[in-house]
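These notes are about the structure you will find just below.
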Amino acid sequence: MNFEITVLLLAAAVQSGTPILYATLGEILTEKSGVLNLGVEGVMILGALVGFLASKVTGSPLAGLLAAGAVGCVAAAVHGLVCLVFQGNQVVSGLALTILGTGVANYIGTGYVGQLAPGFAPYPMPVLSQLPVVGTIFFNHDPLVYLSYFIPVVLFLFFSRTHHGLNIRAVGENPAAASAAGLNVAVYRWFGIIGGGFFMGLGGAYLSLAYTHLWTTNLTAGRGWIAVALVIFAFWKPGRAVFGAYLFGGIMALQLRLQASGTQLPSSILLMLPYALTIVVLVLSSWKKGTSDEPAALGVNVEPAD
Amino acid sequence: MKVLKALVVMLVLGMAMAAYGADKPVKVGFVYVSPIGDAGWSYAHDLGRQAVAEMDGVTTSYVEAVAEGPDSERVILNMARKGYDLIFATSFGYMDPMLKVAKQFPKTSFMHCSGFKKADNMGNYFGRMYQARYLSGIVAGAMTKTNTLGYVAAFPIPEVIRGINAFTLGAQSVNPDVTVRVVWTKTWYDPATEKEAAKSLLDVGADVIAQHQDSPGPQEAAQEKGVYSIGYNSDMASFAPKAHLTAPVWNWAPYYAKVVDSVRKDNFKAESVWPGLADGIVDLAPFGPMVPEELQAKVNGVKADIAEGKKKVFAGPIKDQKGTLKLADNTAATDNELLGMTWFVEGVVGTTE
């Protein structure tokens, strides 16, 4: 692997990490409010399908993207309904959402498999893309990748510098205390769930509008689950999520490039890498729990205040 | 009374049909592994089904996206129970489930694509796709400027390895310096991964991307980079009109019509068949406008030679990647050698593991 191929590998890492990044940030927003949403995979695939269909019908990828975000909100709201209104088990509801989302998307999408829709094309950033190395890695992508650069920053500032961001964290850490302090716990949790669903929907749309311009069954191929694991890896910090998402994207891109450059390693071992890394990451993260920002009340339902 | 009337009418009709020698109505079922809208493997089979459905007295139906294993057994069993006369199962993993059902329904005819197990009422069939891949290799070998061809491949099984070897031999026949780089995706259908695999090949300098995958993902990658591509299964030109040179394609219609006809005439035989270019079951998609006419003529010439049996794709001397002579001068590979091929020819970069 020479220098030039390494740079291209890093560029590919950014691109294949982007859909996971959107989903991971969405899950962080949700979990910060104290709600565990294991339905990421289902929300993503619905976003991928609806984004694709909307772009196909309207001819505008931007409309597709917004539709994907909207359907992400709706799908996540189902989870909110179960957990916040009916006090259902968050783990079970999330798993059900994954199964439901995958099933519905594959059912509706069957007739559209293999068709093309207008999507986002690569748009090299003026000036920035001319920078050596950094230009190729970060500024030679489609607009959705550039958009994903801003979200972690916005989320970081939101959680650490704004009134409502701090309130969300309070609700996730200690809902009883937050409620006693006069915060409306349910409203903040709804915000976390629906806002998170929006980003998960965008992550799905990235797959059908930018990564490829196609729809197919199981397009997300388990990326939603990787996002769930990455939240733990990231210690619930948006900045670390960026690192984690690109690391996973990089491993996925690396195994293909190792093959392309003629390695003699069996491809089965190379294909195992992303999943082996997931396990290593989970083990390491649970070991170093001290520095984590895990919300203390994650997965705990709160009775609606009367 | 009504029942009696209906019976009489049916009897008369039946006698009339017998008198005219009309063929008996046939119900044909198809089982597909992926959705048919995929421009790929199942789509090609469904074109065959549509042709069969046009025949007189033939009704067809299909079930798509059937998982291999227990699900497929249930689907095939259901079709047999509903009185289908002939069932085509079009994925390797349907072999054992179909065999089980075939034993329970001796009067129904079963055909399995790409397998090797047979029963008295179950045959198998496949096509010599490697012949068409050899032709597509000639096109790729002539069009490359970097002498590096990329090949996005699904699983390291003999069918795929044979195709890669045939493609490489075809390319080498017009361009001895050419190398073929192989990336395994371990999936038949995942557009995102397949596209990424194609990009990884583009990154190492490949300027023609071929594929043994069912999605057009690799075609997109080639078009975005402004290089060429070779499709697979069916004409994929619509996905990448500027890149698509040609594609080795399946054409099941004539074969399916033949089998349906044999069932209709009550002389179905449970055979193993492996037809090729000569029977039209495999072919090349129309050439893209960037393929020069001399090259098109040359490829068509080789195609005629293969169809007439004058040329064998796997004819010695052929060496493997390590340079060991696998096929001596003036010998052609036997069908068994082809069906069990697990080694790459010289000029392929990659591993079969």
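Every residue, even glycine, has its Cβ placed from backbone N, Cα and C.
Nobody curates TrEMBL annotations by hand; they come from automatic prediction.
What TrEMBL lists as transmembrane segment is A:35-55, A:62-87, A:143-159, A:190-212, A:224-248, A:269-287.
The stretch in closest packing with the transmembrane segment (A:143-159), judged by the count of Cβ pairs under 8 Å and taken from A:35-55, A:62-87, A:190-212, A:224-248, A:269-287, is A:224-248. Here the transmembrane segment (A:35-55) has Cβ contacts under 8 Å with residues 19, 23, 26-27, 61, 63-72, 75-76, 79-80, 83-84, 90-91, 93-102, 104-106, 108-109, 112, 117-119, 189, 192-193, 196-197, 200-205, 207-209, 214-215, 218-220, 222-225, 227-228, 298-299 of the same chain, all six or more residues outside its ends.
Note on the transmembrane segment (A:62-87): residues 26, 30, 35, 37, 39, 42-44, 46-48, 50-56, 93-94, 97, 100-101, 117-119, 144, 186, 189-190, 193-202, 204-205, 209, 301, 303-304 of its chain, located 6 or more positions outside it, place their CB under 8 angstroms from a CB of the stretch.
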